[in-house]
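One structure is given below, encoded as structure tokens.
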């Protein structure tokens with residue numbers, strides 16, 4: 001029953017995925033995981049957003065001196081004044097005067113920017129192009145300043161120039177204003193000051209990089225999220241004509257922002273948002289494939305299949321998406337990154353397992369399990385699979401390539417030295433027997449390391465033999481050295497003894513000579529007497 005449920009779930013995920021056979025693939029350790037749509041994008045349109053850095057606050061008590069507002073304005077002015085000066089400098093350098101040709105003005109302006117990358121130069125030129133719109137928006141600052149709406153349209157005559165945003169106005173309208181109605185001046189000051197201080201901290205984080213050069217430092221997606229606050233979904237819906245949610249757009253990283261105007265008197269900032277043009281490729285799905293080792297024909301093997309495929313009808317192609325942006329639901333690409341697969345690989349993906357190619361694996365540094373949607377797919381013949389709650393060892397028969405484990409059979413699972421808590425579908429083992437031809441198992445780097453391990457083992461054995469021979473030679477050399485030293489000592493002692501004998505012989509001979517001479521002299525003396 002668990003197997004049927006699992007197959008139904010995967011089949012629903014892959015609805016419209018053509019001839020890809022998830023049930024057959026899971027039998028050999030290939031698990032289809034994420035299924036996404038494919039979209040192509042290019043930068044095309046832009047929108048302007050004016051951000052009111054100071055919310056509209058109507059004090060119900062006349063005569064109150066709200067010092068927190070003055071302090072906030074002074075701090076924000078110090079923080080953003082370098083940005084305003086930088087914007088003015090770049091604008092003056094890049095916008096030609098009447099006496100100066102446009103081309104010459106741009107060249108001189110870019111030279112004034114110093115060393116810059118192509119992206120930075122593009123950002124600077126974009127600043128010039130947006131200057132007219134930013135100026136038109138800031139000319140309506142009085143109308144913008146009077147509104148206390150969190151999001152409002154900026155309209156000149158019948159032309160919509162952009163969207164006015166007050167990131168903290170929602171909080172002011174719903175929380176602060178009702179609270180200060182019954183409060184005194186000090187309480188009002190404290191409440192308003194706390195809100196403004198929090199927003200000031202966020203502004204400091206957002207514009208840290210822009211203080212150096214706003215034209216060359218685009219605003220990040222995280223900064224846009226903080227800057228627009230709770231108004232973000234509304235701003236995206238009003239400014240951009242797209243069916244994609246604000247969360248999806250932000251997670252894609254395709255939205256970029258750039259400061260193009262600033263008015264510190266009214267605390268208003270104009271931001272240009274670049275939005276890509278998106279096109280969906282119909283009837284196409286990008287499917288991720290997670291591959292684990294499987295126990296087939298009494299050996300551990302791994303299927304040789306791509307990690308990501310594109311399925312269009314009955315056509316299956318590899319899709320690395322190396323130059324694409326991937327979100328949980330969509331793959332955004334500038335171009336089609338598909339690669340043609342061999343006939344055998346396509347047949348394998350379609351469920352013909354006799355056409356699949358496998359590689360034998362040796363060692364522990366490989367993938368033997370994968371977790372997806374609260375389910376564990378594991379090769380329990382090649383690793384320890386132990387259920388901790390309830391306590392039991394999970395056995396995988398030789399006829400089963402992989403084992404599927406879920407919470408109905410095991411809540412707490414141990415895989416070798418790792419422990420998991422499973423939260424979701426039934427512990428089931430595929431009972432189908434898969435027979436592979438010898439030609440299906442190929443040695444493919446880097447998965448097949450058996451030959452390399454054999455070579456390493458042989459090298460180790462040879463090294464041990466050489467070490468043993470070295471010990472023998474060393475022992476022989478040591479013995480020979482000891483014998484040589486003793487021989488030298490014996491020769492030296494023998495030589496010294498011989499020299500002593502010679503010296504003693506000479507001395508004795510001299511003494512005998514003297515004695516004989518004295519005796520002869522005494523005999524001659526007696527005879528003459």
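Backbone N, Cα and C define each Cβ position, glycine as well.
Lifted from Swiss-Prot, the feature list:
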type	residues	note
COILED	128-156	coiled coil
COILED	452-477	coiled coil
DISULFID	324-333	disulfide bond
DISULFID	348-356	disulfide bond
DISULFID	380-385	disulfide bond
DISULFID	387-410	disulfide bond
CARBOHYD	65	N-linked glycosylation site
CARBOHYD	73	N-linked glycosylation site
CARBOHYD	352	N-linked glycosylation site
CARBOHYD	427	N-linked glycosylation site
CARBOHYD	431	N-linked glycosylation site
CARBOHYD	457	N-linked glycosylation site
REGION	103-127	region 'Fusion peptide'
SIGNAL	1-19	signal peptide
TOPO_DOM	509-529	topological domain 'Cytoplasmic'
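For the recorded site, residue 324 (disulfide bond), the DSSP three-state label reads coil. Between the C-alpha atoms of residue 65 (N-linked glycosylation site) and residue 387 (disulfide bond), the distance comes to 68 Å. In the three-state DSSP scheme, residue 73 (N-linked glycosylation site) is classed as helix. Each of the disulfide-bonded residues 348, 356, 387, 410 was ranked by the number of other C-beta atoms within 10 Å, and first place falls to 348.
Cβ crowding, taken as the number of other Cβ atoms within 10 Å, peaks at 73 among the glycosylation sites 65, 73, 352. Annotation for residue 324 (disulfide bond): same-chain Cβ neighbours under 8 Å, separated by at least 6 residues, are 331, 332, 333, 334, 337.
Closest in space to residue 348 (disulfide bond), of the disulfide-bonded residues given as 380, 385, 387, 410, is 380, taking the CA atom of each residue.
Taking 352, 356, 380 as the recorded positions under consideration, the smallest Cα distance to residue 387 (disulfide bond) is found for 380. With respect to their backbone Cα atoms, residue 385 (disulfide bond) and residue 73 (N-linked glycosylation site) stand 63 Å from each other.
Cα of residue 73 (N-linked glycosylation site) to Cα of residue 410 (disulfide bond): a span of 60 Å. Mean model confidence of the coiled coil (452-477) amounts to 55 (pLDDT, 0 to 100 scale).
The Cβ of residue 380 (disulfide bond) has 394, 395, 396, 402, 403 as same-chain neighbours under 8 Å, each 6 or more residues away in sequence. Between the listed disulfide-bonded residues, namely 333, 385, the fewest other CB atoms within 10 angstroms of a CB are found at 333.
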